[in-house]
Amino acid sequence: MKPVKVGICGLGTVGGGTFNVLKRNAEEIARRAGRGIEVAQIGARSSNPRCDTSDTPVTSVLEVADNPDIDIVIELIGGYTVARELVMKAIDNGKHVVTANKALIAVHGNEIFAKAREKGVIVAFEASVAGGIPIIKAIREGLAGNQINWLAGIINGTGNFILTEMREKGRTFDDVLKEAQALGYAEADPTFDVEGIDAAHKLTILASIAFGVPLQFDKAYTEGITRLTTADVNYAEALGYRIKHLGMARRTEAGIELRVHPTLIPADRLIANVNGVMNAVMVNGDAVGSTLFYGAGAGMEPTASAVVADVVDVVRAMTSDPENRVPHLAFQPDALSDHPVLPISACASAYYLRIQAKDHPGVLAQVASILSERGINIESIMQKEAEEHDGLVPMILLTHQVIEQKIDDAIAAMEGLEGVAGKVMRIRVEQLN
Ligand code: HSE
């Protein structure tokens, strides 16, 4: 059989990795796919010193989508503009698409999949979430017998790398971020990493395939890691917790929780010990219970691993009847549910609160009564000695689970107390059991 011809658009870190893996493992990949896979064209503005592309024509990216010889367009440009134009053009021209672009799928996926269905082509996007971990395939196919209850993931390697280095080596935020950028992990705009936007893109995708709802990135709650202090990291540790930047999606009767924020996790959970640039996703299903998927969430060849697996999947499925393929979002498109995404004020969580109290009698009692008046149960409490520089006493409380609206209200009341200085630090707590 003739080889399948693919065009790689974007020859940066992931594009270069994909080119090299397709070349290096060509024989093994052909034995799996049943046909050879040939990189017949590259769409890129410049070459990649880590790839020998001397035998492959290099053109502009949009020319790849117009080339009648190309069967599969691999979009590895990133961003929403040229990438979107390229993907829509490729689909219009009847080509299958493989992409690693989480922002594009999270924001424009509904429109892209509708167009793909109209044209009978596949859009595969495994590499868009958690780099080399085959988490989309695992949820979409491996866990297809379950009702998924919740999933929680460390799905931004840069953020996890920063938190790990700060905790283990006491390094500064900026210093670690620069290293992540040099290693090729960080987004072009690093605020996407540290403010949780990149994780929210990935969480949006995971939630859709877990719960069978349309992609709704605009409804995801996003909170970054820039406000975390070493003191909070250490207090969490003293209470038996680690702070991770977690993406959490949970199905409740009222709606779906879709939120990315710093989170205290019991230190003995496996996921609390996922360090550096590594990613991990826990998925809890009614039949399977809890599962954990771990691996490199970014980087040249780990991400290429997922891209190439998608190419193999497409090659295997391209001759099949489009109606009988695995649906893009795991559920049949006419069976997607309109179960709403909840605003953060309606989500339920336990909380870590750090209150900077003046060293007066009665402040703790006032704080405790603010919580009890609102039916918020205190799980534990820790009071440290007054700090030398300001004489304030850090009071750390852990609460039981409560709706966020109630804790917001309690925090506002605490901040109004004469004995409380400044803002109350609030971090959500998840037991993940
Ligand atoms: N910037 C992302 C990360 C790259 O750090 O995880 C992979 O999506």
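Backbone N, Cα and C atoms are what each Cβ position is placed from, and that goes for glycine too.
According to TrEMBL:
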ACT_SITE  Lys202  active site, proton donor
BINDING   Cys9, Gly10, Leu11, Gly12, Thr13, Val14, Gly15, Gly16  NADP(+) binding site
BINDING   Lys102  NADPH binding site
BINDING   Glu187  L-homoserine binding site
DOMAIN    352-429  domain 'ACT'
Cβ atoms near Gly16 (NADP(+) binding site) (within 10 Å, other residues, all chains): 24
Of Cys9, Leu11, Thr13, Glu187, binding-site residues neighbouring ligand 1, Cβ under 6 A: Glu187
Fewest Cβ neighbours within 10 Å, where candidates are the binding-site residues Gly10, Gly12, Gly15: Gly12
Secondary structure of the residue listed as 'L-homoserine binding site' (DSSP, helix/strand/coil): coil
Lys202 (active site, proton donor) and Val14 (NADP(+) binding site), distance between Cα atoms, whole Å: 17
Rounded Cα separation (Å) that holds between Gly16 (NADP(+) binding site) and Lys102 (NADPH binding site): 18
CB contacts for Lys102 (NADPH binding site) [other CB atoms within 10 A, all chains]: 28
Other same-chain residues whose Cβ falls within 8 Å of the Cβ centroid of Cys9, Gly10, Leu11, Gly12, Thr13, Val14, Gly15, Gly16, the recorded NADP(+) site, in sequence order: Ile8, Gly17, Thr18, Phe19, Ala44, Asn48, Leu76, Ile77
The residue listed as 'active site, proton donor' versus binding-site residues Gly10, Leu11, Gly12, Glu187 - nearest by Cα: Glu187
Neighbour tally for Cys9 (NADP(+) binding site), based on other Cβ positions within 10 Å of its Cβ: 28
